Amino acid sequence: MSGVWGAGGPRCQAALAVLASLCRARPPPLGLDVETCQSFELQPPEQSPSAADSGTSVSLLAVVVIVCGVALVAVFFFLFWKLCWMPWRNKEASSPSSANPASEILQSPSSRGNMADKLKDPSALGFLEAAVKISHTSPDIPAEVQMSVKEHIMRHTKLQRQTTEPASSTRHTSFKRHLPRQMHVSSVDYGNELPPAAAEQPTSIGRIKPELYKQKSVDGDEAKSEAAKSCGKINFSLRYDYESETLIVRILKAFDLPAKDFCGSSDPYVKIYLLPDRKCKLQTRVHRKTLNPTFDENFHFPVPYEELADRKLHLSVFDFDRFSRHDMIGEVILDNLFEASDLSRETSIWKDIQYATSESVDLGEIMFSLCYLPTAGRLTLTVIKCRNLKAMDITGYSDPYVKVSLLCDGRRLKKKKTTIKKNTLNPVYNEAIIFDIPPENMDQVSLLISVMDYDRVGHNEIIGVCRVGISAEGLGRDHWNEMLAYPRKPIAHWHCLAEVKKSFKEGTPRL
């Protein structure tokens with residue numbers, strides 16, 4: 001019966017009430033045990049053992065859960081209070097501060113208000129240095145105190161640098177401008193505590209002095225370039241014999257030649273040309289195992305006096321090698337034979353031997369004029385003439401013509417050419433080539449002038465090239481800038497022809 005207490009609806013309740021009334025009757029009806037009726041009367045539904053036990057278990061479980069939750073919340077708040085609450089941390093940090101004078105200065109409210117006065121005292125700067133070191137690792141120091149200390153140290157650093165650093169030359173100011181400013185605690189001015197020797201020297205340890213490194217690197221680069229270009233000197237003399245119409249070249253001696261052999265010496269000799277004629281090649285004797293040879297040899301070049309102004313003297317110094325190709329030491333090119341005198345008497349000349357790996361070939365020169373009309377956007381190149389061109393045919397002549405290419409960003413936009421002049425090394429053209437170029441595009445274009453040799457059977461060969469434009473070098477850039485500076489006026493110049501090292505690279509020949 002106890003298992004069904006509280007179950008069912010009104011009928012069950014009515015049945016239970018009837019059973020309870022029967023049990024209370026005296027004597028009980030037949031079929032009912034007296035002990036059963038007593039237990040039924042003494043244990044009402046709300047006091048049954050099973051119901052009491054289940055209620056007690058649920059209550060105990062709820063109490064345990066509540067207690068555990070309260071404990072976890074208490075632990076969480078305790079940890080938060082210990083770790084994150086700033087007033088407690090300031091209180092804990094202030095307890096050992098009495099042992100540290102720097103901390104007392106930085107933590108006391110009065111010191112914060114009078115920090116500017118205390119910074120002026122030299123005796124407090126020792127504590128400031130410790131405070132700066134602490135501020136890099138501990139967040140206990142307030143931000144405004146740290147900022148004031150840093151500003152004071154930076155101000156003293158600048159004053160100390162201005163008074164103790166030597167003035168550097170203007171040669172290195174551009175390099176120093178790119179170096180970052182660094183603050184060092186050791187560079188603080190300590191007043192009269194430092195000895196005079198220490199006050200005279202910069203106290204910022206670890207600072208880079210760019211003038212030392214740059215001076216060394218500049219000197220090293222200059223020495224390296226001089227060593228690369230210096231190949232000794234050569235002494236020769238020139239004299240013209242008017243009776244025989246002969247130019248007499250006397251090779252006297254060479255001095256301080258570079259060593260080409262493993263034993264530290266060379267076997268030098270000299271080749272002599274009177275350009276543009278390369279067929280007449282003269283050569284000195286070979287001098288063995290010496291870097292300062294004495295030649296003292298005369299060489300005769302038959303040439304009319306009127307042609308001397310168009311001739312160049314080319315001296316090539318070689319090292320003789322019996323078993324392999326002769327090594328070139330360097331060369332000397334004398335463009336003006338009348339540089340030293342009028343050649344009526346013998347004149348001694350000293351020249352530096354220029355470094356060269358192979359004999360430079362005189363390809364000739366071309367003369368042309370440039371004229372630009374900004375309003376019409378028209379560029380006119382007039383090919384006037386060429387002289388002393390290189391002979392490309394077996395007959396000793398060439399069939400030259402000039403090809404002009406308009407280049408923009410490495411691409412060839414247009415090309416035009418002159419007529420062909422047969423069997424000549426000094427052609428005269430006087431032909432105009434016109435290109436339409438807007439003024440806003442003049443900084444993006446250049447002209448490539450190629451002197452070609454016409455061949456009826458095979459491919460036409462390039463004798464030499466030159467280039468004018470903003471991206472050109474030397475005379476090519478100067479000629480272009482002069483044309484832009486004087487519009488509507490033809491500007492004419494002679495240009496030397498150069499070899500093409502590589503035919504085409506991205507549409508542009510390399511000179």
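Note that Cβ sites are derived from N, Cα and C of the backbone, with glycine treated the same way.
Residues annotated as region 'Cysteine motif' in Swiss-Prot, with similarity to another entry given as evidence: 12-38.
Annotated transmembrane segment per Swiss-Prot: 60-80, in sequence order.
Swiss-Prot lists 93-103 with the feature compositional bias 'Low complexity'.
For 160-172, the entry in Swiss-Prot reads compositional bias 'Polar residues'.
Annotation comment: Swiss-Prot describes 230-351 as domain 'C2 1'.
The secondary structure of Phe320 (Ca(2+) 1 binding site), as reduced to three states from DSSP, is coil rather than helix or strand. Annotation source Swiss-Prot lists Ca(2+) 1 binding site at Asp261, Asp267, Asp319, Phe320, Asp321.
Among the features that Swiss-Prot reports, Ca(2+) 4 binding site is placed at Asp393, Asp399, Asp453, Asp455, with the record citing sequence analysis. Long-range Cβ proximity for Asp399 (Ca(2+) 4 binding site), meaning a same-chain Cβ under 8 A and a gap of 6 or more residues, is found for Met392, Asp393, Ile420, Lys421, Lys422, Asn423, Asp453, Tyr454, Asp455.
If you look up Swiss-Prot, you'll see 483-511 marked as region 'Necessary for cell membrane association (isoform 2)', on the strength of similarity to another entry.
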Residues of the domain 'C2 1' (230-351) by DSSP state, where helix covers H, G and I: 6 helix, 67 strand, 49 coil
Surrounding CB atoms that lie within 10 Å of the CB of Asp321 (Ca(2+) 1 binding site), all protein chains: 13
Surrounding CB atoms that lie within 10 Å of the CB of Asp261 (Ca(2+) 1 binding site), all protein chains: 13
